[in-house]
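Student: I have a structure here, written as structure tokens, and I will follow up with some questions on it.
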Amino acid sequence: MIQIEALPAFSDNYIWLLQDTAKRRCAVVDPGDAGPVERWLAANPEWVLSDILVTHHHNDHVGGVERLRQLTGARVCGPANERIPGRDLALDEGDRVDVLGVTFQVMAVPGHTLGHIAFFSDQPATPILFSGDTLFAAGCGRMFEGTPEQMQPALARLAALPEQTQVYCAHEYTLSNLRFAKAVEPTNPHVQQRFEDVTRLRAENRISLPSTIGLERLTNPFLRTAETLVKQKADEWKGHSNNSHVAVFAALRSWKDTF
């Protein structure tokens, strides 16, 4: 059985720690800083770090990779089309990778970066998704390299995963994302309830993750481009009609960039 724990890093990053409690083996996702992982391993000396999964090349996701690889000999698995330090296994759309006895499907999800990948598995009792900086709780990543024509379909693919899928994204952006979601859909009761719930969690310094695909479908404006009110708000922002899901998404993303 795999357990998943968040190791906070920097101001708002989460390094996800996967633990095989039976074999005392673990893996991490997007270790932008080696420190939190080193401290956990030092406190749990009987555990072995076997794998490092990377979603994209930004330094706050790969900054600790080489040191951890040198310290532990862990296998580094990352996107084939990006420069990932110490990468041992290059992964692209349709590939599969076994980690701690769990098989993950690799999904190409370009937009935030061109080579960005996500890791999905439906083998655990509850499916799990490591979405990096593509899909956030109630939001999505900025398009630093890709285009709306790439990112909107990528998000739609993630939204089509089973609704019970637990979403482990890489940043604690949920509250600010929900403020934007409220501006887009001020009458959406699910958004309002989630905003209240997350406000309480963060006031207690508690993590707001994981999310679920089902909850994202109800509250994430970037997955709700087919909703009439969402389109109307996007049209108001742009000053003209947006006649495709991609156009609505692009309008929302440009609005969020300045929100």
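Glycine is treated like the rest: Cβ placed from N, Cα and C.
Okay, these came from Swiss-Prot:
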| type | residues | note |
| --- | --- | --- |
| BINDING | H56, H58, H112, D133 | Zn(2+) 1 binding site |
| BINDING | D60, H61, D133, H171 | Zn(2+) 2 binding site |
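Situate these features within the shown structure.
Tutor: Classification of H112 (Zn(2+) 1 binding site) by DSSP places it in coil, neither helical nor stranded.
Around the Cβ of H171 (Zn(2+) 2 binding site), the same chain contributes D12, N13, Y14, D133, F136, each under 8 angstroms and 6 or more positions distant in sequence.
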Student: So what sits near D60 (Zn(2+) 2 binding site) in its own chain, CB-to-CB under 8 Å and at least six residues off in sequence?
Tutor: A9, F10, N13, G32, D33
Student: For H61 (Zn(2+) 2 binding site), what residues in its own chain, 6 or more apart in sequence, show a Cβ-Cβ distance under 8 Å?
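Tutor: Residues satisfying the criterion: N13, D30, P31, G32, V54, T55, G132, D133, A170.
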Student: By the DSSP assignment reduced to helix, strand and coil, which category contains H171 (Zn(2+) 2 binding site)?
Tutor: strand
